[in-house]
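Written below as structure tokens is the structure these notes are about.
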Amino acid sequence: MYGYFVKRTLQAAFTAFFVMSLSFVLVRLMPGNPADQLRGQLIRNNPSLSQQEINRRVANYINIDYSRPLHEQYLTYVSGILQGDLGQSVSQNAPVSEILGEALPWTVFAFSVAILLMFAVGISLGALMAYKEGSRFDVSTTGLGIVLNSTPNYVTALLFLYVFGFTLGWFPTSGHISSSIVPIVDPLRPVATAQFVASAVYHASLLIATVVITGFGGVALAMRGNSIQVLGEDYLRVARLRGLSDTRIALRYVARNAILPMYTGLLLAFGAIVGGSAILEQVFTYPGLGYYIVAAVEARDYPLMMGGFVLITLGVVVGAFIADVTYGLVDPRVSTGGDAS
Amino acid sequence: MSQGNQSETKPAGSGGFGTVADSSLSRRERYRRVLDLWVVAPFRVVWNDVRARIGTALVLGFVTVGVVGPALVAEPRVGQAPLLVGPFRGGIVGGSWYEVTNASLFGLSVPWLAFHWPLGTDNVGRGILEQVVHATPRMLTMVATAGLFVTLLGTTVGALAGYTGGRLDQLLSTAVDIVLTLPGLPLLLILVALLEPESPVVLGIVLSLQGWAGMARAIRSQVLTIRSTSYVEASRAMGLSTPAIVAKEIVPNIMPFVMINMVNAMRNVIFASVGLYFLGLLPFSEVVNWGVMLQLAYSNGGLLTLDAAHWLLVPMVSIILLSMGLILFAQGMDRVFNPRVRARHAETTANGGDEPAESSPRTASLGGDL
């Protein structure tokens, strides 16, 4: 157990280090040298600035001072990131950490709700399908799952936006909350807080529905497969022979052993879906992390691009680390460090 | 020898009873058995499985459209038709989107159907069908590149790591873990901004840069389990060379994983390319991808008015059908390769290996709906 923990921690640290180095390399590879571009812009806009002042500002924006030796640039860059300094966004004219810090809670909120719902629906449906294996219900749900799985989520998003947003007008088509609502979370003012939460849920509902609709099919199929496999195990026959109740068998034996392999999948899904959030957030004009990354790429705003990339990756690394470490706690087979599969 | 084997195909097996020993197989007979094991029996399995049949039909349909389509359908040009014509103008029956004319074939005048923008046109008068069809070859090239790239890299790395073990395995596995952890889309966004790929081959490789890792991991653990099975150890003890063991014992066992991962990579590259074109982040000069159509339709108010809805819906349906075809095809292939499923339908496939499949009875159970 101890060795596994150490190995996993080292791996997470190494991955984080690798990502920061990669992002450094990527910034340096950017076409047209972002620093020169910025320098030109600054000189054009305020010709009175001294060369030193311009250099200072450019370094501030990009987080890299191109005139210094490479290893020094690298160290400054990494230590800057570790201190939460991701540079200055060019297009939004604000510190990158501030923009992303404001966007992050919205993405986390919308996608956590969506992923939890998706797994809840998928797992219960998958268990039911496995229980009724071969029935008409199972066949039609499997078919539905395949169809939903082959639909990209932005296609579903566009359809939802068209039907429920524009045509029927039931749901808002952009933004976090209504403009008339004050964003406030204060236990002393429950009415205002409730209004705020309700408005946030209302604005995120189309996005949440899209993630759930396009995602639950895959979860259900995985759960169905796991459950069917568990149903064939010997210990289940033993449990039945011992005369255990059906509920106990279903919950303690089948559900537990079928869900376990999906636990890491759940935590990794956060990473994958938040990483893939860019297109959905763009479609729904929902200013979260992905929205700003796309906006940054469109504006060639390198600091914001790299900041978003580093932030998301570190989030995913931490998520995967937590998943692996806690998985060792719930499933003793893993903690030996051997191949879990 | 071939004369004796001919008679063996009879179910009763009256004539060449003594010729079944492996050493007496002629080259031609061996080829026939290989063909049987790898072509006839899989085909039968596929044909008997509803999902695989649909999947194969869809994939073959798209390949046909990609190969033949551009020659048959006019190239989309601005102003080739009236603007924003609806699909099936004038109704399905008796509409003005088709007309019966005469075409001359080898000097003979034969009745012919001429189509006029059957799926409607966009806001600059380009036919929607024409755009979908002419974007297909590039999409298929991209998808095939991605599948090939992912399969080659993933299988090589995974098999190498699993088979060699030790330090090389550790190194490769760490690399795989890191690549798996990188968030796909943000990295793609940045790479695409950096490289601005236009060629479908380059695009396919860039968009599937991450896909090989998942495959490598699946293959590695699969190779690990096969490596220690008794039959592989037996062949090693018999002194078979490593390439022979890999080719004969390992590859057939990992084929299901290869197929499924390859199809997944293909599906992902479709989704990613369409998504990036849709966001307008990939450079394009003409309609080269269904994502471009989505983007143009969306940015020209395809969501707001019913006039342009078909413009948005046609590429959507194409995307869904192609990826559904790929998924169903992979599931059918799972049926072909998966030893467990094969065992369940032993009559067809197992016999296909031991004696000519023509003599084996067709099993009705293959048409199962699971």
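Placed from the backbone N, Cα and C atoms, the Cβ positions cover glycine too.
Here is what TrEMBL records for this protein:
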{"type": "TRANSMEM", "residues": "B:54-74", "note": "transmembrane segment"}
{"type": "DOMAIN", "residues": "B:136-332", "note": "domain 'ABC transmembrane type-1'"}
{"type": "TRANSMEM", "residues": "B:139-163", "note": "transmembrane segment"}
{"type": "TRANSMEM", "residues": "B:175-195", "note": "transmembrane segment"}
{"type": "TRANSMEM", "residues": "B:201-219", "note": "transmembrane segment"}
{"type": "TRANSMEM", "residues": "B:269-288", "note": "transmembrane segment"}
{"type": "TRANSMEM", "residues": "B:308-330", "note": "transmembrane segment"}
{"type": "REGION", "residues": "B:347-370", "note": "region 'Disordered'"}
Positions on the same chain near the transmembrane segment (B:201-219), where near means CB under 8 A and six or more residues out: 141-146, 149-151, 153-155, 157-159, 161-162, 172-173, 176-177, 179-180, 182, 184, 187-188, 191-192, 195, 254, 257-258, 261-262, 264-265, 268-269, 272-273, 276, 282
When counting Cβ pairs under 8 Å to the transmembrane segment (B:269-288), the leader among B:54-74, B:139-163, B:175-195, B:308-330: B:175-195
Candidate ranges B:139-163, B:175-195, B:308-330 - greatest C-beta contact count to the transmembrane segment (B:54-74) (under 8 angstroms): B:308-330
Contact set, same chain, for the transmembrane segment (B:139-163): CB under 8 Å, 6 or more residues outside the stretch: 62-63, 66, 169, 172-173, 175-176, 200-201, 203-205, 207-208, 211-224, 227, 246, 250, 254, 258, 261-263, 265-266, 268-270, 273, 289-290, 322
